[in-house]
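The following features are taken from Swiss-Prot:
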BINDING   50, 88, 191, 192, 193, 233, 290, 291, 341, 342, 343, 344, 398  sucrose binding site
ACT_SITE  193  active site, nucleophile
ACT_SITE  233  active site, proton donor
């Protein structure tokens, strides 16, 4: 994976079309900004129950976006990351519909995770309470088969997303078939979506248990055999992230976004500096994604071990996002929106900072200086604001940060002072040789955060005074960049 900034985007929501249009945009108005693209699910269909994360067929490109030839053509310009949705398939998939029609006589009957597979002797109330689930509601569904019987099936996320038994013959073959298709299209990295929920075992939380680590290691090996790196997507306790990072190619730094907000809101960089001292260097760093802003990643463990932030600090963080977004994030979070996520605040990162340009650039500068490969979400690239109209149409909280851009909007955004300055930061991160060297984090006598990269005679340094709302970048090659935001 190139050590350069990557773009995260839905193919159609940024380009207004398919893969050919996205390629034209990257080769045109966005030329030189991104070394790679995480193309969010482009499988058939892209407009299912979960915005592409519930494909009926993971091996088919939605024809509205193009074909695998178009994916391969884009791979000739930039590295491509694609999602391998590990945990589930659509209830509308041909495999599940065959199971509905034929029951145990279906050749795909073993592909789906039933209650009985995990609990062959039944489950106590405590067994069920132990199961970790990120959303409200029942984790099981009881569809009626056409032959008249019912089966209790795992549905970790929604009733439309049926969990796979990844150890079954058809489940394993399904995942390997997707890997083969990715490799044929020259995909260079895969993101294992919802991987932490893949293994179910009685007496456990059924989330990131020992057997999950073993499964991920084997799946990652299969991907590497096909020439692809592996990124694991898991929202979890920060120590778990460090452990996961030692076993895979890449892991998300999901603690970074809330810690930066906390520092900007309070003027205190202590927690952020402590995290940057121990955070995995093989990380993918983000501020925003297609999901909300996570808080579980900085919280305490369920067994009581302390997190990166105290509970009251997390409460303040969430309330401050709601305040700075003028209540819009509250309308998109928790009980106010469907697809409930218990650990995320739905809001654009720009709105979470009260649309303060300098605070936003300070946050991006910290991200670009943090260890790892930075990814920038398409809405964040354009300084996007909360899409209240889309939220109102769908009632899905995360749609507040999933805007459909028109060409004119993109042109206007690219001409804005904010996006021009952000583009300068991206180009600096992509081209300065110091970012291929060694990283150091410190705090100076004034409490400012100091992030440094050094490679032989090349250097780049970011100094952020959160108490003054000011940041300065100095680097070899006469680079100098100063910006001041709102004082907390």
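From the backbone N, Cα and C atoms, a Cβ is placed for every residue, glycine too.
This view paints the features noted in Swiss-Prot onto the structure.
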residue: 50; record: sucrose binding site; Cβ within 10 Å: 19
residue: 191; record: sucrose binding site; Cβ within 10 Å: 23
residue: 193; record: sucrose binding site; Cβ within 10 Å: 20
residue: 233; record: active site, proton donor; Cβ within 10 Å: 20
residue: 290; record: sucrose binding site; Cβ within 10 Å: 22
residue: 343; record: sucrose binding site; Cβ within 10 Å: 17
residue: 398; record: sucrose binding site; Cβ within 10 Å: 23
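Within 10 Å of residue 233 (active site, proton donor), judged by CA to CA distance, lies none of the binding-site residues 50, 290, 343, 398.
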